[in-house]
C-alpha cells in the first residue's frame with residue numbers, strides 16, 4: 001500500500017466521520033466544529049490530488065470564513081434548545097433514509113461500473129496555470145462572480161440590518 | 001496513485017450524508033451547513049477529474065473556484081435571511097416556517 005493510499009484513507013475516514021457527526025451530534029457548536037474538520041480533511045484531499053492552490057483557498061474560505069460566519073449565525077439565534085419539543089416524525093426520517101440510501105446505491109453502482117482509463121499521469125494545477133486560464137478563457141465569468149459577490153454583500157447587509165422605525 | 005473511482009465514491013458518500021441532513025434536520029443553521037457539505041462533495045469530484053481524470057487539465061480547478069465563491073455568497077445571504085427570520089418570527093425551526101406552503 002503506497003503512502004498516497006494511506007493518506008487518502010485517513011482523509012476520507014476523517015471527512016466521512018465528521019460529516020456524520022455534523023448530522024448526529026447534539027449541540028450546534030459541536031456540529032460546527034465537526035464541519036470545520038470536514039473542510040480541513042477535504043483540503044488535505046486537494047493537496048493529495050496536487051491542487052495546492054485550491055487546497056489553500058479551501059482552508060481560507062471554508063475553514064476560515066464560512067465557519068466563522070456559521071458561528072455568528074449560531075450566536076445570533078437561539079442555540080440552547082436544539083430539540084424543538086415533540087419530534088415524532090419517524091416516517092419522514094425513514095423515508096428520507098430510504099431515498100438517500102437508494103440514491104447512494106445507484107451512484108456507487110454507476111461509479112464502480114465506470115470504465116475509465118486507469119493510470120493517467122497526474123496533472124499539477126499550479127496557481128500560474130489557474131490564473132492564466134481564469135483571466136483568459138473565463139474572464140467574463142470572473143467579472144460576473146465579482147458582481148455576484150458585491151450583490152451578495154450588499155444584500156446580506158440590507159436583509160440583516162434592523163428596520164428603522 | 002489512488003484511483004479516481006475512490007475519489008468519486010467518496011464524493012458520492014459525502015453528498016448523500018449532506019442530503020440526508022438537509023432532509024431531516026430541523027435547525028436552519030444545520031441545514032445550511034449540510035448544504036455546504038454537499039457543495040464540498042461536488043468540488044472533490046471536480047478536482048479529482050481535473051487532476052487524475054482521463055483528460056486532466058486545469059478547467060476543473062477553475063470551476064472549483066467558481067463553486068467556492070458562489071457558495072460563499074450563498075452562505076452570507078442565507079445567514080442574513082436566517083437572522084432576519086429569527087428576528088421577525090422568533091424561531092429557527094424549519095417546520096414552523098411554512099407560510100409559503102400550499
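Each residue, glycine too, has its Cβ placed from N, Cα and C.
Model, not experiment: these values are computed from the prediction.
What TrEMBL records for this protein:
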- A:6-25: transmembrane segment (TRANSMEM)
- A:32-49: transmembrane segment (TRANSMEM)
- A:55-73: transmembrane segment (TRANSMEM)
- A:94-114: transmembrane segment (TRANSMEM)
- A:134-160: transmembrane segment (TRANSMEM)
For the transmembrane segment (A:94-114), what are the same-chain contacts with Cβ under 8 Å, counting residues 6+ beyond its ends?
none
Select the range from A:32-49, A:55-73, A:134-160 that forms the most Cβ-Cβ pairs under 8 Å with the transmembrane segment (A:6-25).
A:32-49
Long-range neighbours of the transmembrane segment (A:55-73), counting only residues six or more past its ends (CB under 8 A):
29, 32, 35-36, 39-40, 42-44, 46-47
